[in-house]
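K.L.:
Let me give you the structure first, and then I'll get to my questions.
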Amino acid sequence: MILSDKDIFDYVNSKRVLIEPFNSKFVGPCSYDVTLGSEFIKYKEDVYDLKKSLSHNKFEIENSIMVCPLNHHLDETIIENYKEKYNVDCIVSGGLLGTTNEYVELPNDVCAQYQGRSSFGRVFLQTHQTAGWIDSGFRGKITLEIVAYDKPVILYKNQRVGQLIFSKSLSPADVGYSDRKYSKYAGQKSVMASLIKKDFEIDEEE
């Protein structure tokens, strides 16, 4: 059962669902809009070896970031010209990780799904790849996987980037996501790189 606007207000007001900060203007007919935070991660690897920790740069923006397609030519001159013309803090090409401003806590009988905004789809910008699912019992901020597929796109801190759709399960989970022993991203309060290498460590323990 998907929660409607009335349900979302009810769950938030009764503290069954926590969204912090919460803005009543961001409640849609059956979704809640979330906004872009200031922290990002850009991987440094030429090849992703998923059995190893992935080296990366973590950085913050004050106002805006330009995201370019992977094959978009950038050199120092172009970067400086872009910064001067568009007044952006940072310019990157290829994919990067971001995070929402919103911290979310779900009970064991509510799960959620993140979807990018249709307006972003119309400029060929994707803000999640395969990681839109949020298990019941999750506590933390939502990670964004950001890729521009056509032309460079300028994103602004605090702008709405997507929405959460909440669903109520038939019965509560015995153990919610953040209480599971092997949950890798429980309680995340800033952008986090992939911890998939821990899957192999877990498999070796079993």
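Cβ atoms are placed via backbone N, Cα and C, with glycine included.
The following feature annotations were taken from Swiss-Prot:
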BINDING   Arg117, Ser118, Ser119, Phe120, Gly121, Arg122, Asp135, Thr143, Leu144, Glu145, Gln163, Tyr177, Lys184, Gln188  dCTP binding site
SITE      Gly132, Trp133  site 'Important for bifunctional activity'
ACT_SITE  Glu145  active site, proton donor/acceptor
K.L.:
Per 10 Å Cβ neighbour count, which of the recorded positions Gly121, Gly132 ranks highest?
P.N.:
Gly132
K.L.:
What are the sequence-distant neighbours of Lys184 (dCTP binding site), meaning same chain, six or more residues apart, C-beta distance under 8 angstroms?
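P.N.:
Once residues fewer than 6 apart are set aside, Lys184 (dCTP binding site) is near Leu195, Lys198.
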K.L.:
Can you tell me how many other Cβ atoms are located within 10 Å of the Cβ belonging to Asp135 (dCTP binding site)?
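P.N.:
Other Cβ atoms within 10 Å of Asp135 (dCTP binding site): 17.
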K.L.:
Please report how many Å separate the Cα atom of Gly132 (site 'Important for bifunctional activity') from that of Ser119 (dCTP binding site), as a whole number.
P.N.:
17
K.L.:
Which has the fewest other CB atoms in a 10 Å radius around its CB: Ser119, Gln163, the listed binding-site residues?
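P.N.:
Looking at the binding-site residues Ser119, Gln163, the Cβ with the fewest others within 10 Å is that of Ser119.
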K.L.:
Within 10 Å of the Cβ of the residue listed as 'active site, proton donor/acceptor', how many other Cβ atoms can you find? Include all protein chains, please.
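P.N.:
Taking all protein chains shown, the residue listed as 'active site, proton donor/acceptor' has 17 Cβ neighbours within 10 Å.
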K.L.:
Counting only other Cβ atoms and using a 10 Å cut-off, which of the recorded positions Arg117, Trp133, Leu144 scores lowest?
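P.N.:
If we count Cβ atoms within 10 Å for the recorded positions Arg117, Trp133, Leu144, the smallest count is at Trp133.
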K.L.:
In whole Å, how far does the CA atom of Gly121 (dCTP binding site) lie from that of the residue listed as 'active site, proton donor/acceptor'?
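P.N.:
On Cα coordinates alone, these residues lie 14 Å apart.
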K.L.:
Write down the Cα-Cα distance for the residue listed as 'active site, proton donor/acceptor' and Arg117 (dCTP binding site), rounded and given in Å.
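P.N.:
Roughly 13 Å, rounded to the nearest whole number.
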